[in-house]
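Residues annotated as isopentenyl diphosphate binding site in Swiss-Prot: 43, 73, 92. Sequence annotations record features per position, and here Swiss-Prot assigns Mg(2+) 2 binding site to 80, 86. The Mg(2+) 1 binding site feature in Swiss-Prot is assigned to 80, 86; the stated evidence is similarity to another entry. What Swiss-Prot records for 91, 170, 171, 205 is (2E,6E)-farnesyl diphosphate binding site.
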């Protein structure tokens, strides 16, 4: 089974009618709406790739970790799109969840998705309780107020913002979770995998800042120009277009070198290199007027 199919199959199972039970019908429909069809599934792909590089001796735990991470990411997107935050009408080329349903249901759907992720991790405790506990702790740490994605969103309410701290929390946290949870799922220590996740996360955030400044809404599948509209801290505002491009290159240059020693190190390096090429695929100048 391909990596894509493995991840998608695990997500479908986690959000199946059998898994959701007797949920209110609209909420039961809203949960998969917020997850399918997916984007690139970058975070769970990195997680599973790291687990495979480390031996992937417990695939059920790896799959649960990948599902929990992607559900947390999707929940954050549902909440990001709400009028209280980005007020975005489009997500992944279709109406954002609060537009397709309503705002209260979108809040509940986002909450339910992140809770479902922790349920999936708790369930796999029957397979390997030690790893499940570590995964729950790691995902909680990198989702909350202590440098997790909640902290990243909260930085936007501060008058003075450290761009590096903001990027690490807003985007980097779940990429750090991807590399560290992949290692944990395969029985490896998490700490050596921090730097790789941090670099990949920083690169994606800088690239996202550049795309927000240069690309059209049609090309991105979501509203463009949101950083300026919402007065968010961003790399382009701080460094300029060319400065942000140079910083992106510098961040990516050290990503492969930061891969810890593991049995599948060479193959993992190829995957990181592939993502680096994709990340750098940004227009040279603005596509919109």
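Placed from the backbone N, Cα and C atoms, the Cβ positions cover glycine too.
Locations of recorded Swiss-Prot features on the structure.
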{"residue": "43", "record": "isopentenyl diphosphate binding site", "Cβ within 10 Å": "26"}
{"residue": "73", "record": "isopentenyl diphosphate binding site", "Cβ within 10 Å": "25"}
{"residue": "80", "record": "Mg(2+) 2 binding site", "Cβ within 10 Å": "20"}
{"residue": "86", "record": "Mg(2+) 2 binding site", "Cβ within 10 Å": "21"}
{"residue": "91", "record": "(2E,6E)-farnesyl diphosphate binding site", "Cβ within 10 Å": "24"}
{"residue": "92", "record": "isopentenyl diphosphate binding site", "Cβ within 10 Å": "16"}
{"residue": "170", "record": "(2E,6E)-farnesyl diphosphate binding site", "Cβ within 10 Å": "25"}
{"residue": "171", "record": "(2E,6E)-farnesyl diphosphate binding site", "Cβ within 10 Å": "22"}
{"residue": "205", "record": "(2E,6E)-farnesyl diphosphate binding site", "Cβ within 10 Å": "23"}
Ask   = Considering only the binding-site residues 43, 73, 80, which residue has the minimal Cα-Cα separation from residue 91 ((2E,6E)-farnesyl diphosphate binding site)?
value = 80
Secondary structure at residue 86 (Mg(2+) 2 binding site), reduced by DSSP to three states = coil
Query = In angstrom units, rounded to an integer, how far apart are the Cα atoms of residue 205 ((2E,6E)-farnesyl diphosphate binding site) and residue 43 (isopentenyl diphosphate binding site)?
reply = 13
Query = For residue 91 ((2E,6E)-farnesyl diphosphate binding site), what is the secondary structure by DSSP, using just helix, strand and coil?
reply = strand
Ask   = What is the separation, in Å, between the Cα atoms of residue 73 (isopentenyl diphosphate binding site) and residue 171 ((2E,6E)-farnesyl diphosphate binding site)?
value = 10
Query = In the same chain, which residues outside the set 43, 73, 92 have their CB within 8 A of the centroid of the CB atoms that define the isopentenyl diphosphate site?
reply = 38, 39, 40, 41, 42, 70, 74, 77
Key: Max CA-CA distance, Å, over listed (2E,6E)-farnesyl diphosphate-binding residues 91, 170, 171, 205   = 18
